Each structure stands twice: as structure tokens, then as C-alpha cells.
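All remarks here apply to the structure that follows.
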Amino acid sequence: MKDQIMAPDTVAADIVVSGRGVGKTFADGSVVALKNADFGIKRGSFVSLVGPSGCGKSTLLRLVSGLIAPSSGAVTVHGTPVTGPRRDISMMFQKATLLEWRTALDNVLLPTEIAGTPTQADRNRAMDLLKLVGLGDFAFSFPAQLSGGMQQRVALARLLQTGADILLLDEPFGALDEFTRERLNTELMRIVAEVGATTLFVTHNISEAIFLADQVFVMTSRPGQVAKIVDVDLDRPRPLSIQTSPAFNALVADVRETLGAV
Amino acid sequence: MVAIQSPDAATGNATDAARQLRNRRIATHLGIFLAIVLSWEIASRAGWLDPLFYPRPSAILQSFWLIYVVNGNVWYHLGVTMSLVFAGFVGGSVLGIVLGSLVGLNGTLRRFLKPYVIVLEATPRIAVAPLLIAALGFGVTSKIAIIMLVCFFAPFINTLSGVMNVNQDKLELFRAMGASKWQILRKLVLPDAIPVIMAGERLALTAALSGALVAEFIQRDQGIGSLILVYTRNLNMASAFACIFTLTLLGFLIFRGMEVLDRTIAYWKHEEGRTRVSARRRKAMEGQS
């Protein structure tokens with residue numbers, strides 16, 4: 001009943017994350033990290049936030065996650081304003097930040113433990129997720145026994161463990177080498193499509209942003225703002241070779257132009 | 001015939017070589033040790049060393065036999081000292097860990113206590129020992145208090161810094177998961193601080209043995225410390241040396257015991273510990289499904 005009363009028109013109902021006039025000012029009020037951002041993200045879509053350092057892309061992600069509160073405007077997720085961390089959102093950082101005293105499996109189970117007592121079903125789910133990210137044989141290994149790429153895979157499994165349908169990724173593979181990053185990006189696309197999650201992905205790599213996304217939010221700095229939203233109409237699944245196609249290059253040129261224009 | 005060698009033979013040769021190297025090293029160590037003991041013995045017999053203060057190794061060996069087997073009096077004192085060390089170490093370090101956590105987690109408490117912590121850190125703890133005896137009287141209580149005093153500080157400081165220096169990335173992860181303060185403490189802050197706390201415990205245990213001896217030097221009624229005093233006063237240096245070497249062995253055993261404890265508690269810091277817990281976790285998971 002409540003849903004029916006609250007349900008807006010059908011177009012808006014398809015928007016799961018939205019921001020109206022979202023701004024964030026840090027410190028003594030002189031640092032404007034983000035200014036007046038308006039956006040709406042469709043259910044199941046993949047959005048990349050791209051821009052130079054200090055353009056407020058990480059700030060925007062943290063505002064959506066509820067880790068920080070906006071100075072002006074509001075972020076709405078699933079129809080309710082974000083006031084703090086919530087269970088329908090899951091977040092992943094540039095560093096794997098695994099707990100060294102836990103096995104890979106127990107690290108994946110951590111969000112479930114925070115939410116309550118894990119059941120056998122939760123443990124099986126964690127195990128399945130580790131298999132999904134290709135670490136089935138390393139479920140009982142400790143972080144110190146895993147490479148950097150493997151640690152990020154564990155973090156990816158942990159991100160999915162909560163079953164949250166909104167995933168926030170802050171340069172998740174930025175600290176890895178080029179080859180590992182490309183491989184993990186491809187896997188991320190496959191996995192996200194499989195679980196049907198809505199994804200916000202922060203990066204400063206233009207090609208990566210376009211390759212992964214349905215929509216690219218191009219952000220510029222001083223003050224941080226969403227300068228342009230670029231739609232990526234490339235067929236999925238996308239092979240790595242798509243990055244040399246004319247259509248792809250046109251998109252890269254479009255994003256570059258926006259970034260260079262300011 | 002010579003050129004082709006099976007892998008087995010190759011590894012066999014390798015282990016043989018390793019064994020030979022090891023045997024040679026052990027032989028060298030034994031040789032050096034015997035040389036030291038022998039020159040000591042000769043120097044003493046030749047009159048280059050005053051046997052009154054530097055007893056012959058043979059005499060020390062005799063004393064070992066005397067105090068451990070013939071008289072057997074050392075056992076009681078050894079037991080007394082060990083109980084003191086144990087009680088004082090546990091009491092002092094538990095107090096240090098608990099107070100360290102409280103002060104580390106409470107910013108206000110930390111601000112007000114900081115000057116006193118600095119003053120206490122600069123004061124040699126053992127200097128307070130006579131005051132403790134005056135306050136608590138002669139007996140076991142004041143002895144344990146002295147050991148607690150010398151054991152308190154390292155775990156306190158290490159727990160304090162361990163709890164305060166929690167990894168900020170991990171903290172943000174826990175916040176993003178919506179973890180409560182209690183969950184952050186139990187699942188992040190305390191486990192994260194364990195290796196640092198264990199390092200403090202190691203220091204405390206070494207201090208505990210010294211603390212016990214000082215306590216027994218001041219109150220010479222029983223324990224290995226008082227036994228050493230009695231023997232030196234009677235110019236029975238050989239027996240005093242036997243007591244000191246006993247303490248050497250004890251110190252070594254305590255140190256090894258602490259290592260075992262460290263590997264059990266901070267298991268993820270050691271390859272062997274990771275392998276052990278990893279196998280245990282695998283077994284637990286397979287048992288449930």
C-alpha cells in the first residue's frame with residue numbers, strides 16, 4: 001500500500017539513484033568539492049564517473065553511500081533520502097582493505113556478520129561468489145597469501161555478498177597493473193550484468209570509463225561538477241578490441257573535449 | 001653414467017650436503033663452547049682467576065648436582081619465583097591491556113592522562129619498589145605489586161597505540177557497511193591491535209623475571225633471588241652461578257613459550273600459523289555443509 005502511495009510516474013520509478021542540487025563544501029567553507037549536481041541513474045545501468053583529481057567524483061560516490069552528508073540538496077535511493085550507510089548499497093575501494101586475520105571466505109562473510117549472524121546459506125553464497133570471481137580454490141587462504149589482483153577479487157566478492165542492488169566502486173582496480181586491471185574490468189562487466197545491479201564506477205581513465213559504462217558522467221574541477229552526461233550506445237558484451245573502433249574513439253573525443261573545455 | 005642423474009638422486013645429494021653443513025656448524029659451536037669452558041677451568045686451576053669469585057666450571061657443575069639432587073633445595077625457591085612471575089605478569093599485563101584500551105578509545109581520558117603517562121614513563125619503575133613494600137608490607141602482595149608495576153607499562157603503551165592507530169581505510173569500510181561502534185571495536189580495532197599488544201607482552205615478560213629478582217633481593221626470605229644473595233654472602237660462588245645459569249635457562253624457556261603464544265594468538269603473522277588455521281577453517285566449513 002505504502003509503495004503505491006509513494007510511487008511516482010513510471011519513468012521516475014525506473015530511476016533508483018537520483019540527486020537534486022547536491023553540493024558539498026568541506027573545511028571552513030572555502031573548498032567546494034561538489035556544486036549543484038543533478039542526476040538520475042536507471043535501474044541496472046552502469047555509470048562511470050570520470051574526471052581529473054579534485055573534480056568531486058569520490059565525493060559524489062561518498063554522498064550516495066551515505067558516508068558523508070551533503071551541504072545542500074539531497075540524494076535519493078529507492079525513493080528514500082540517504083541519511084547514512086544503508087543495506088541496499090555496497091561499496092568497494094581502491095585498496096582491497098581485507099582483514100589480515102580472516103581467510104578469504106571469512107572476509108567475504110564480513111558484511112553478513114555486520115548485518116547479523118551468518119547462516120549456512122550465507123556461507124554457501126560467499127563460497128559461490130568466490131568461485132564467481134575465480135577464487136574457489138583460495139577460499140581458505142589468508143590475504144598475505146594472495147596477490148594484489150586476487151585480493152581485489154576477494155573485495156569484489158565481498159561487495160556482492162550483501163546482495164545490495166546498488167554497487168559503488170571507487171577506482172577499484174586503480175592500484176593494479178594494466179593487464180590485471182583489464183581482465184578484472186571484463187569480469188566486473190560480466191558479473192554486474194549477471195547479478196543485475198546498478199553500478200557507479202569512479203575512475204580517472206577515460207577509456208576504462210567508456211568501455212564499462214552505459215552512461216559516463218564527465219566531471220570537471222574548481223568547483224567540482226557534472227559537466228556532461230555522455231550516453232554509451234555500444235553493444236554488449238563488449239570485447240576488449242572495441243576500444244579501437246571508430247564509435248569508441250568518437251566517444252573518447254567527446255569526453256576529452258568536455259574535460260578540456262573547462 | 002655420470003651426466004644423467006635422476007631428480008631423486010639430485011635432491012638426495014642436496015639434503016646430504018645440507019646435513020653435512022649443519023653437522024659441521026653444530027661441531028663448531030660445541031668446539032667453541034668447550035674451548036671457553038676449558039680455558040676458564042685452566043685459568044682457574046693455574047691461579048690466573050681467583051676461584052673465590054670465578055669458580056671453576058667443574059665446581060659449578062658440582063653445585064648443580066648439589067642444589068638440584070643432593071639437597072634439592074632449589075626446587076622450592078624456583079617454584080616460588082615462577083609463581084610470582086606468573087601472577088605479576090598476568091596481573092600487570094591484563095591491567096595494562098584494559099587501561100590501554102580504555103585510554104586509547106576515549107579521547108577525553110587520553111588528554112587528561114597524557115602528562116601523567118609521560119611522567120610515569122620517565123620514572124624508573126623499580127625505584128618505586130621500596131615505597132610499594134612500605135605501603136603493602138613485607139610478603140607476597142608487595143612482591144607481586146612490584147612485578148605488576150614493571151609489567152604494566154609495555155602492554156599499556158602498546159595497546160594504547162595499537163587501538164589508536166587503527167587503519168583508516170578499514171574503518172571507512174566498516175562505516176560503509178553500517179557497523180556499530182561495538183562491532184568496530186570487536187571485529188576491527190582489537191584484532192588489528194593484537195600483534196602490537198603481543199610485542200608489548202614480550203617486553204613485559206622479560207621485565208617480570210627481572211622484577212621478581214629485584215623484589216626478592218629486597219625481601220630476601222624465599223625465591224631464587226634470595227637464594228643467590230644467600231650463596232654470595234656465604235662466598236659459595238659456585239652455587240650462585242648455578243642459580244644464575246638456571247635463570248638463563250628459565251629466561252630462554254619463557255622466551256620460547258612467548259613465541260609459541262604469539263604464533264597461536266597472532267597466527268596470521270606467521271606462515272605456519274596461517275596454514276594451520278586455514279586447514280581448520282576448511283574442515284569446519286566442510287563439516288557444516
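Residue positions begin at 1 at the first shown residue.
A Cβ is built for glycine as well, from the same backbone N, Cα and C atoms used for every other residue.
Taken from TrEMBL, the feature transmembrane segment covers B:26-48 (among others). Distant neighbours of the transmembrane segment (B:26-48): 54-58; these residues of the same chain sit at least 6 beyond its ends, with a Cβ under 8 Å from one of its Cβ atoms.
Taken from TrEMBL, the feature domain 'ABC transmembrane type-1' applies to B:78-256.
Note on the transmembrane segment (B:84-105): residues 113, 117, 140, 143-164, 185, 189-190, 197, 200-201, 204-205, 208-209, 211-212, 215-216, 223, 254 of its chain, located 6 or more positions outside it, place their CB under 8 angstroms from a CB of the stretch. Taken from TrEMBL, the feature transmembrane segment covers B:84-105 (among others).
According to TrEMBL, the feature transmembrane segment maps to B:117-138 (among others).
Annotation comment: TrEMBL describes B:144-167 (among others) as transmembrane segment. Outside the transmembrane segment (B:144-167), and at least 6 residues removed from its termini, the chain residues within Cβ reach (under 8 Å) are 84-85, 87-89, 91-93, 95-97, 99-101, 103-105, 110, 117, 120-121, 125-126, 128-129, 132-133, 136, 188-190, 192-197, 199-201, 203-205, 207-208, 210-212, 214-215.
Residues annotated as transmembrane segment in TrEMBL: B:235-255 (among others).
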Same-chain residue ranges lying at least 6 outside the transmembrane segment (B:235-255) that approach it to Cβ under 8 Å: 52-56, 59-60, 62-64, 66-67, 74, 78, 82, 85, 202, 205-206, 209, 213, 224, 227-228
